[in-house]
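K.L.:
Please find one structure pasted underneath; my questions will follow.
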Amino acid sequence: MSVQNNTDLTPASFVLNGIPGLEDMHVWISFPFCSMYAVAMVGNCGLLYLIFFEDSLHRPMYYFLAMLSLTDLVMCSSTIPKALCIFWFHLKEIGFDDCLVQMFFTHTFTGMESGVLMLMALDRYVAICYPLRYSTILTNPIIAKVGFATFLRGVLLIIPFTFLTKRLPYCRGNVINHTYCDHMSVAKLSCGNVKVNAIYGLMVALLIGGFDILCITISYTMILRAVVSLSSADARQKAFSTCTAHICAIVFSYSPAFFSFFSHRFGGHTIPPSCHIIVANVYLLLPPTMNPVVYGVKTKQIRDCVIRILSGSKDSKTHI
């Protein structure tokens with residue numbers, strides 16, 4: 001009896017089933033998804049416009065914010081339009097190679113989101129602990145290099161996902177109970193050995209998330225020590241206020257990620273699959289939606305630029 005090779009067991013396409021158990025509510029679920037996606041697109045495109053055209057925002061902090069906005073745009077755009085097509089038009093089919101491409105972009109830019117938040121924590125550390133050397137340490141070439149290194153780290157660590165997934169034989173159907181092609185959701189359809197996929201996925205999560213969280217923790221520990229040592233209460237308040245928006249961004253990004261990570265490992269039998277899928281989508285939607293709102297509200301320079309543009313002022317200089 002001849003043995004079929006993996007090519008014969010590779011489906012031409014997958015079917016993304018949306019949120020199983022909540023099919024009747026897909027249209028209602030689509031409204032908050034669509035609203036958040038619209039806010040994310042307008043907010044992040046607006047931030048990129050301001051940072052590009054406003055001379056007063058040509059500073060390291062805002063360059064890192066531009067990286068975060070661009071990352072957020074790609075991250076949510078790689079999944080949400082397809083999810084809305086599922087909810088509204090029942091267009092559930094996705095080609096096998098298209099599924100791998102979506103998987104690559106989703107995981108690469110979620111990893112980059114974490115990396116940029118880590119770079120922004122280091123930026124705040126330098127700004128508060130070494131204010132006189134801030135502009136000489138974080139020069140434009142350095143910012144470009146660390147930004148590219150963060151992107152390259154994500155690409156190099158995520159590329160193996162596509163090859164590990166492509167090599168598997170798929171004989172458990174082609175229906176994915178998800179709104180997008182998540183690595184392990186696809187791998188679970190295989191009748192082959194997915195232990196390598198699971199181990200590598202955990203390693204990547206630790207290499208990216210674990211390393212970034214460690215750097216963020218160390219940065220804010222040093223920041224806290226520096227701020228507490230300041231003699232003036234006003235100086236302490238001002239130093240803390242420069243970190244507020246970034247701390248909010250960290251909370252919005254890591255909270256759903258931690259919930260998803262721990263619920264999969266410790267609450268897999270008690271938490272329904274629909275909850276896992278909704279949280280996975282919130283993880284991709286919440287940071288892109290809230291980051292521009294928080295930075296717009298908490299950052300005086302950005303507020304001043306927006307107010308000046310809305311008021312029609314022609315003065316291009318913002319008081320800093």
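Cβ atoms here come from the backbone N, Cα and C positions, even for glycine.
Computed from a predicted structure; not experimentally measured.
As listed in TrEMBL for this protein:
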- 43-295: domain 'G-protein coupled receptors family 1 profile' (DOMAIN)
- 27-52: transmembrane segment (TRANSMEM)
- 64-89: transmembrane segment (TRANSMEM)
- 101-122: transmembrane segment (TRANSMEM)
- 142-164: transmembrane segment (TRANSMEM)
- 198-227: transmembrane segment (TRANSMEM)
- 239-262: transmembrane segment (TRANSMEM)
K.L.:
For the domain 'G-protein coupled receptors family 1 profile' (43-295), what's the model's average pLDDT?
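P.N.:
A mean pLDDT of 92 is what the model gives the domain 'G-protein coupled receptors family 1 profile' (43-295).
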K.L.:
Going along the chain, which residues at least six beyond the ends of the transmembrane segment (101-122) come within the CB cut-off of under 8 Å?
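P.N.:
Here the qualifying positions are 61, 64-65, 67-68, 71-72, 74-75, 78-79, 82, 94, 146-147, 150-151, 153-155, 157-159, 161-162, 165, 180-183, 186, 204, 208-209, 211-212, 215-216, 219-220, 246, 249-250, 253-254, 283-284, 287.
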K.L.:
Can you work out which residues elsewhere in the same chain, 6+ from the ends of the transmembrane segment (198-227), have a Cβ less than 8 Å from its Cβ atoms?
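P.N.:
Contacts with the transmembrane segment (198-227): 107, 111, 114-115, 117-118, 121-122, 124-125, 128-129, 153-154, 157-158, 160-161, 164, 183-184, 187, 236, 239-240, 243, 250, 254, 257, 261.
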